[in-house]
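What TrEMBL says about this protein:
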ACT_SITE  His185  active site, proton acceptor
BINDING   83-87, 93-95, 165-168, 260-261, 284-286, Cys321  NAD(+) binding site
BINDING   Cys193, Cys198, Cys219, Cys222  Zn(2+) binding site
COMPBIAS  1-12  compositional bias 'Basic and acidic residues'
COMPBIAS  21-33  compositional bias 'Acidic residues'
COMPBIAS  346-360  compositional bias 'Basic and acidic residues'
DOMAIN    55-335  domain 'Deacetylase sirtuin-type'
REGION    1-33  region 'Disordered'
REGION    346-383  region 'Disordered'
Amino acid sequence: MSDAQEVTKPDEEAQSPVPEDQSDDSDEGEASGDTEMDFLRSLFSRTLGLGPGEKVLDELTLDGVARYIQSGACKNIICMVGAGISTSAGIPDFRSPVSGLYANLQKYNLPYPEAIFQIDYFKKHPEAFFALARQLYPGQFKPTVCHYFIRMLKEKELLRRCYSQNIDTLERVAGLGDADLVEAHGTFYTSHCLSFLCRKEYTLEWMKEKIFSDEIPKCDKCSGLVKPDIVFFGENLPGRFFTSMTTDFPRCDLLIIMGTSLQVQPFASLVGRVPKSTPRLLINMEKTGESDFMSGMLGLGGGLDFESDKAYRDVAHISTCDDGCLALADLLGWKEELQELVNREHALIDSKNKKEKGEAANEDSSATEKAAPGAEAKSQKTE
């Protein structure tokens with residue numbers, strides 16, 4: 001464009017008549033703003049690869065998810081689970097206002113509720129954590145319907161992995177093994193001495209004996225403090241979490257999220273690691289994990305999107321985790337099989353517990369007889 005053209009153009013525009021049907025200034029501004037926002041969305045999508053993917057669900061409902069599973073196109077399901085899948089077993093979650101774990105820790109005289117899981121506080125005041133551990137210790141609870149639904153996914157060769165925030169080991173009790181699980185926040189299953197030069201490993205039974213005898217667990221080798229292998233605030237997540245997620249999530253063709261607030265990082269960020277076309281089902285008592293305002297405005301990926309006009313793959317089923325799993329199992333034709341599995345496994349657990357209690361009672365009875373007055377004299381007389 002020449003200098004003369006640049007000079008004369010404003011005058012020409014000023015002299016041009018305004019059409020009678022032209023929109024007012026506010027409409028022009030809105031149109032301009034929409035255009036600019038579309039441009040930004042397109043720019044970020046192209047640059048970061050965060051544009052929408054292909055829609056694979058015929059509808060964004062639990063029925064749509066069930067039909068997708070039945071289609072045979074879904075063979076690498078990942079489950080992301082939190083404390084909400086264990087509440088029906090009697091284990092409190094963390095953040096419920098009245099029944100949650102953090103709401104009932106006043107008796108431990110903590111400076112703030114989360115301190116009970118702070119590694120620095122634990123090293124100085126381990127008593128509070130081990131007192132709580134007696135209430136939550138694995139072996140006192142039975143897996144829920146939700147736990148056994150995940151096991152059914154495994155048995156039907158649909159489960160790629162279960163990523164769990166829980167430390168209660170109920171996934172293992174339900175039948176998932178090392179290869180099926182990533183215990184993102186660690187587990188009670190093993191324990192280690194905290195001494196950097198020692199790090200001796202201890203079993204679940206060793207730790208249980210210490211906790212229920214009101215002892216602070218100390219290392220047999222160096223007398224250092226022993227801690228269950230659960231991840232405290234201030235500690236790194238297990239290496240397996242990071243190595244597994246890089247191979248699992250790119251292959252995921254259905255993500256099922258259950259019983260988690262998706263507030264703790266880096267676990268919560270996993271929802272954004274699946275391919276852009278992968279459906280994501282949330283079974284929870286409330287919607288969670290949704291995109292923040294800015295990400296939503298820019299149309300960027302990551303957070304869940306249930307309601308916007310751009311929603312194409314995310315489904316929220318608002319219910320308890322057990323009810324949601326039963327509803328999905330029903331749609332898949334698995335409900336009766338799931339209920340039979342739960343009943344059978346719970347009966348086996350009850351039988352095992354009854355046997356162990358009977359053996360313990362017999363041991364106590366034998367010990368009492370041996371310690372009773374006159375027992376030694378009676379024994380000598382018999383000889």
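Start at 1 and count along the chain as shown; that gives each residue its number.
Glycine too: its Cβ is placed from the backbone N, Cα and C atoms.
Small disclaimer: the values here were computed from a predicted structure and weren't measured.
Features per TrEMBL, on structure.
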{"residue": "Asn166", "record": "NAD(+) binding site", "Cβ contacts under 8 Å, 6 or more apart": "Val81, Gly82, Ala83, Ile85, Ser86, Glu183, His185"}
{"residue": "Cys193", "record": "Zn(2+) binding site", "Cβ contacts under 8 Å, 6 or more apart": "Arg199, Lys200, Tyr202, Cys219, Lys221, Cys222, Gly224, Leu225, Val226"}
{"residue": "Cys198", "record": "Zn(2+) binding site", "Cβ contacts under 8 Å, 6 or more apart": "Cys219, Lys221, Cys222, Gly224"}
{"residue": "Thr260", "record": "NAD(+) binding site", "Cβ contacts under 8 Å, 6 or more apart": "Met80, Val81, Gly82, Ala83, Gly84, Gln165, Phe267, Ala268, Asn284, Thr288"}
{"residue": "Met285", "record": "NAD(+) binding site", "Cβ contacts under 8 Å, 6 or more apart": "Gly84, Ile318, Ser319, Thr320"}
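Listed in chain order, the residues near the Zn(2+) site other than Cys193, Cys198, Cys219, Cys222 are Leu194, Ser195, Leu197, Arg199, Lys200, Asp220, Lys221, Ser223, Gly224, Val226, each with its Cβ within 8 Å of the site Cβ centroid. Cβ-based neighbour count (10 Å, all protein chains) for Cys219 (Zn(2+) binding site) stands at 18. Counted over every protein chain shown, other Cβ atoms within 10 Å are most numerous around Ser86 among the binding-site residues Ser86, Cys222. Within the model, the domain 'Deacetylase sirtuin-type' (55-335) carries an average pLDDT of 89.
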